[in-house]
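One structure below.
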Amino acid sequence: MDDGNLGENIQEETEVIEDRWWFASSAFPMIAGTLGPVASAFSICALVRPWRQHRPHGQEVKTAPFVADPIWLTVINAIQLAMAVVSNMFLLLNMTRRVRFTIAQPITIIGWYISAILLIALLATAAGPMYEGFKYPSDELIWSQAFYYGMWAAILYFVDASLMLVTFYGAWTGHYNKDFNLTPSQRTLMLQTIMFLFYLLLGALVFSNIEGWNYLDAVYWADVTLFTVGFGDFRAETNLGRALMMPYALVGVISLGLVVGSIRSLVLERGKRQVDARMEEKKRRRLVRTMTKKGEDEMLEPIRDSQRSMTPQRTDSNMQLPATEFERRKAEFELMRKIQAQASSRRRWMAMAISTGSWLILWLLGAYIFVKCEENYQGWDYFDGFYFCFVSLTTIGYGDVTPASNAGKSFFVFWSLLALPTMTVLISNAGDTVVKLIRDGTLRLGNVTILPGEEGSFSDDLKYILHRCTFGYAFPDYTEPAPTSHMKKMPEAQDSSGDAAAAFIDTEQGSDPKDSRGRSQNLRNGDDGPYSERPDHSRHNSTFTTRVRRSLSRLRDAHEDLPTGSDFHFLLISEIQALTAHLKSQKPHKYSFEEWAWYLKLIGEDESRADTHLKAQPKPKNHQHKRHHNKDVDDSPEKGSGEKTDSEHVTAWSWVGNRSPLMGSQEETEWILDRLMERLRESLSSEGRKQVTSDARRALGADRRRSSYDASRKKHREEHV
C-alpha cells in the first residue's frame with residue numbers, strides 16, 4: 001500500500017534509549033569546557049605568587065610578607081600550567097572541529113591528569129618538607145592564596161579529565177559518534193569562559209597596580225565586583241581606580257551574563273528535550289506493560305474490518321471501548337498526550353529538586369568550609385558562615401561579614417563561579433514549577449470564587465484544585481482540557497469554504513472511482529503517490545478555482561478525499577508554509593489528533609484504516625540496549641499475532657509505541673514538516689515521470705499514425721498505377 005515512505009521516516013527505535021549517554025556526549029564536554037579554563041586560571045594564580053607567607057602574631061594576613069619558593073617548585077608549576085594550557089587548546093580546537101576527536105581527546109585527558117598529579121605532588125610537598133629549615137616558628141608560617149588556588153586547580157583538573165575520559169569511552173565503544181553532540185552556540189561556551197576569565201585576571205592586574213593591592217587580593221576584588229556582590233572590604237580609593245571601575249564592571253557584568261546565559265541554555269533548553277524524551281519512553285513502557293498484565297490492552301488492538309464483522313455487538317463491560325479505528329486511534333493519541341504531560345511535569349519538578357539540592361549543598365557545605373577557613377582568624381561559628389553564604393548567593397552583599405583568610409578569599413572565588421550559575425538555573429526552574437503552580441492556582445481559585453473565567457466551568461476548576469491539592473488522589477482520572485486546536489481557530493474560514501469543498505467533493509465523486517470506504521483509488525494504488533492511476537488529462541484540468549485553492553489549507557478534514565495534481569501540490573505547499581511559521585514560535589506547537597490525522601493523510605497515512613497500525617507490546621525484560629548503529633528492536637507483536645506482510649511490519653506503528661511520532665526529542669512541527677517536504681518531492685517527481693511517459697506515448701502514437709498514413713498512401717498510388 002502507499003504509505004508515503006512513512007516506514008523509512010518513522011523512527012526505527014526512539015533515540016531516547018541511548019539518551020542515558022547524552023551526559024557523556026554533550027553535558028560532560030560542556031562541563032569540562034567550562035571548568036577547564038577555570039582550572040587554568042587558578043593555575044596562573046598559583047604561579048604568580050609564592051606559596052608561603054610569614055605572619056607574626058597580631059599581624060593582618062594581607063600585610064604578611066611572602067616567603068620565596070624554591071626554584072624547582074616554580075619550574076614544575078610552570079610545566080603543569082603549560083600542559084594544562086595545551087590540553088585546553090586541543091579541547092577548544094576539537095569543539096570548533098579543527099582537530100579530530102581521536103587526536104584531541106587523548107592529549108586533553110593525559111595533559112589534565114598530568115597537571116593534576118604534579119599539583120598534588122607540589123601541594124603535598126608544600127604541606128610538609130617546605131616548612132622545615134626556616135628561622136621562623138612553624139606557627140608563623142601560613143599558606144598563601146596561591147597555595148589554595150593550586151589546590152582548587154588540582155581538583156578541577158582531575159574532575160575534568162575524568163569527565164572527558166567517560167566521554168572518550170562512550171565514543172570509543174560506539175554509543176555515539178566520535179564527535180561532540182553540541183550546537184554551534186554551545187561550542188562557543190568554552191571560548192566565552194576563556195574570554196571572561198582573561199578579562200577578570202587582566203582587570204585584577206591593572207587595579208592591583210593602581211590601588212597597590214596584592215595581585216590575588218585584586219582577583220578576589222574583581223570577582224566580587226563582576227558578580228555584583230560588592231562587599232566593600234576591598235574598594236577603589238583613587239580617582240583613577242574609581243573611574244576605570246565603572247566601564248570595567250559594566251563590560252564584565254555583561255560578559256558574565258553571556259556565559260551564565262549559555263550555561264542556562266545548556267541545562268534548561270537542550271537538557272529538557274533529552275530528559276523529557278527519556279522519561280516519556282520509560283513511562284510509556286511502564287504503562288504498556290501494566291495494561292498488558294491487567295488485560296486492559298484491548299484498546300491498543302487495531303480494529304480491522306474482519307474484527308468488526310465478527311463482533312457486531314459489544315458486551316456491557318466493553319461499552320467504553322472505541323467503536324471505530326479512528327476513535328481508537330484518537331483514544332490512543334490522548335493516552336500518549338497524558339503520558340507526555342505526566343513525564344513533563346515530573347521532569348520539571350525533578351529539575352527543580354536537583355537545582356534546589358545543588359543550591360542547598362553550595363549554601364550549607366560552603367558555609368561549613370568558610371567556617372573552617374575563618375575560625376582561626378575571625379572566630380566564625382556555623383551561623384556566621386550560613387549567613388555569609390546566603391548574603392553572597394542572593395548578591396545582597398552587606399559586607400558586615402567577609403572572609404579575611406587566604407583560604408577563605410580563594411575559596412570564595414572558586415565557590416562563586418559555581419554558585420551564580422546554580423542560582424540562575426534554580427530561579428528558572430522555579431518559574432516553571434512553583435511560580436507556575438501559584439499562578440495557575442490563583443487563577444483557578446479566582447474562577448471558583450469571585451472572578452469567573454472565560455473558559456471552563458466551575459466544576460472543572462474545582463476538580464483541578466482538589467486534584468492538585470491531594471496530589472492526584474482526588475479525581476485521579478481528571479485531565480486538563482486540551483488547548484484549542486489550530487483548526488478550530490478558523491470557523492469562519494471553514495464555513496465560507498464549505499460550499500467550495502462540497503463542490504469539489506461532488507466533482508471528484510463523479511470522475512474518480514472509489515473503494516468501499518469512499519476513498520479515491522488514486523490515493524491507494526501504486527507506489528508513486530496519489531497520481532499513479534489518474535488519467536493524463538486530469539493534470540491539465542484543475543478542479544479548484546483560485547478562490548477555492550486559497551481555502552485548501554483551511555479545510556483540513558481527514559475524512560475527505562485529497563485533491564490531485566497541481567491542487568495537491570498547492571495544498572502541500574500551503575501546509576508547509578503554515579508549518580514554517582509555526583517553527584518561528586518561541587513555544588513548540590503541540591497539535592491535536594485531528595490535525596495529526598490531517599497531516600498524516602497528506603503524508604499517505606489514513607487514521608481510519610488499520611493497515612499500518614500496530615498494537616504496542618511490552619518490552620521483553622531480557623532486552624539489551626543496542627548501540628546507535630543497530631536499531632532493529634521494536635515493540636512489534638509476536639509472530640503469528642496477525643496476518644501482515646513484511647512491508648506492513650516495517651511501516652506499522654502505534655501512538656503509544658516506540659515508533660510514535662510523539663516520541664523522541666524532535667519537535668512535532670519539525671517531524672511533520674520533514675515528511676511533508678519529502679511527500680512533495682516524491683509527488684513532483686512522480687508527476688514528472690508520468691508527464692515524460694505520456695509525452696513519449698503521444699509521440700509514439702503520432703509516429704505510428706504517420707507511418708500508417710504513409711503506408712496507405714503508398715499502397716493507393718501503387719494500385720492507381
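The backbone N, Cα and C atoms fix where each Cβ goes, glycine too.
Taken from TrEMBL as is:
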type: TRANSMEM; residues: 27-51; note: transmembrane segment
type: TRANSMEM; residues: 71-95; note: transmembrane segment
type: TRANSMEM; residues: 107-127; note: transmembrane segment
type: TRANSMEM; residues: 147-169; note: transmembrane segment
type: TRANSMEM; residues: 189-210; note: transmembrane segment
type: DOMAIN; residues: 194-267; note: domain 'Potassium channel'
type: TRANSMEM; residues: 248-268; note: transmembrane segment
type: TRANSMEM; residues: 349-370; note: transmembrane segment
type: DOMAIN; residues: 359-435; note: domain 'Potassium channel'
type: TRANSMEM; residues: 382-399; note: transmembrane segment
type: TRANSMEM; residues: 411-430; note: transmembrane segment
type: COMPBIAS; residues: 525-539; note: compositional bias 'Basic and acidic residues'
type: COMPBIAS; residues: 616-630; note: compositional bias 'Basic residues'
type: COMPBIAS; residues: 631-649; note: compositional bias 'Basic and acidic residues'
Check your understanding: Counting each residue once, how many in the domain 'Potassium channel' (194-267) are helix, strand and coil under DSSP?
Key -> 59 helix, 0 strand, 15 coil
Exercise for review: Given the cut-off of 8 Å on Cβ pairs that are 6 or more apart in sequence, determine whether the transmembrane segment (248-268) and the transmembrane segment (411-430) share at least 3 such pairs.
Suggested key: yes
Review point. Between the transmembrane segment (189-210) and the transmembrane segment (411-430), are there at least three Cβ pairs closer than 8 Å, leaving out pairs fewer than 6 positions apart?
Key: no
Revision key, fill the gap. Sequence-distant contacts of the transmembrane segment (27-51), meaning Cβ under 8 Å and at least 6 residues beyond its ends, amount to 66-69, 73-74, 77-78, 80-81, 84-85, 87-88, 91-92, 95, 112, 115, 119, 126, 130, 143-147, 149-150, 152-153, 156-157, 159-160, 163-164, 166-167, 180, 182, 186, 189-190, 193-194, 197, 200-201, 214-216, 219, 263, 266, 271, 410, 414, 417
